[in-house]
C-alpha cells in the first residue's frame with residue numbers, strides 16, 4: 001500500500017509540474033483548441049446544410065468570430081474615446097464645483113474662518129504638547145497621501161507603457177492562436193482519432209467523461225458570468241438614464257469593464273461616486289444611485305447561484321456552498337475557483353477516478369488478506 005500510495009503521489013506531482021512549466025509554452029494552442037471546440041457545431045452545420053467543404057466552413061466561422069470580436073472592440077473604444085473626451089471637458093467643472101462646496105462656508109462670511117482659526121489657536125496655546133502631535137500627524141498623512149498619489153500615477157503610466165511594449169507580442173500570439181485554430185478545426189476529427197489510438201480504453205472512457213463535464217462547465221460558467229455582467233450593466237444603464245446622469249452609456253460601459261476585473265466590481269466605481277455626491281450636497285442623486293447599486297447587488301445575489309447552477313450543471317445548494325467556500329479561501333477570485341474545482345471533482349467522481357485510485361492503493365491489502373495462513 002505504501003509503495004502504491006507513493007506512485008500515486010509522484011504521478012500527481014508530475015502532472016502538477018508538467019502543467020506548471022508547459023502552460024506558458026502551449027497556452028496559445030490550448031486557447032485555439034477551445035475555440036475550435038466552440039466553433040465545431042457551427043462548422044458541422046455549414047457542412048451538412050449548405051454542403052460547404054470543411055476548410056471553407058472553418059474559414060467562414062473564423063472570419064465571422066474575428067469580425068465580431070474586432071467590431072465590438074473598435075465600437076467600444078471609439079465610443080469610449082468620444083465620450084471620455086466630453087467627460088474630460090466636464091471633469092474640471094465637477095472639480096471646481098467640489099472645491100466651491102468646500103470653500104462656501106468660509107467665503108460667504110469671513111467671520112466664520114476667523115472664528116475657526118481663533119478657536120484652533122486658543123486650543124493649541126492651552127495644549128502646546130498637542131500642537132507638535134498634530135503637526136507630526138499632518139506631515140505624516142500628507143506624506144502618505146502624496147506617496148499614494150505618486151504611486152498611483154506611476155502604476156498607471158507603467159501599466160500603459162507595459163501594454164504598449166507588449167502589444168507586438170500580443171499581436172504575435174493572436175496570429176498564432178488564429179492559425180492554430182484554423183488547422184485544429186480543419187483536422188479536429190483526425191486529431192481525435194489519432195489521439196485515441198495511444199490511450200487505453202478505460203483511460204479514454206474516464207477522460208472523455210471528465211473532459212465533457214469540464215467543457216460544459218467551462219462554457220456554462222463563462223455564459224453565466226457574461227449574463228450576470230450584462231444584467232448588471234443593463235440595470236446600471238437604465239438607472240443612469242432614469243436619474244438623468246450625463247454620459248450614461250460611457251459610465252455604464254466603464255462600470256461593466258471594471259466589473260470584469262478581479263477583486264473589483266460595480267462597487268469600486270459606484271461607492272466612491274455616492275460618497276462624492278453626498279459631500280457636494282447632491283443627496284437626491286446619491287440616494288438614486290444607492291438604490292440602483294442595491295438593485296444590482298440584490299439581483300446578482302439572487303441570480304448568481306441559479307445561473308451558475310443551471311449553466312454549469314451543479315445543484316443550486318452545492319453551487320452556493322462552492323461559491324461561499326471559494327470566497328472564504330481565495331477571496332473574490334474564489335467565486336470562480338470554487339465552482340470550477342467542484343465541477344472537476346464531480347467529473348472525476350463520475351468517471352470513477354477516485355474509486356480506481358482507491359482500489360489501486362488498497363488492492364494489495366485485500367490480496368494479502370485472502371491468502372491462506374500456513
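Just so it is clear, glycine is given a Cβ too, placed from its N, Cα and C backbone atoms.
Pulled from TrEMBL, these are the features on record:
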{"type": "TRANSMEM", "residues": "6-35", "note": "transmembrane segment"}
{"type": "TRANSMEM", "residues": "55-78", "note": "transmembrane segment"}
{"type": "TRANSMEM", "residues": "167-188", "note": "transmembrane segment"}
{"type": "TRANSMEM", "residues": "226-245", "note": "transmembrane segment"}
{"type": "TRANSMEM", "residues": "251-278", "note": "transmembrane segment"}
{"type": "TRANSMEM", "residues": "285-303", "note": "transmembrane segment"}
{"type": "TRANSMEM", "residues": "323-349", "note": "transmembrane segment"}
With the transmembrane segment (226-245) as the reference, which stretch in 55-78, 167-188, 285-303 has the largest tally of C-beta pairs below 8 Å?
-> 285-303
Proximity verdict for the transmembrane segment (323-349) and the transmembrane segment (167-188), three or more C-beta pairs under 8 Å = no
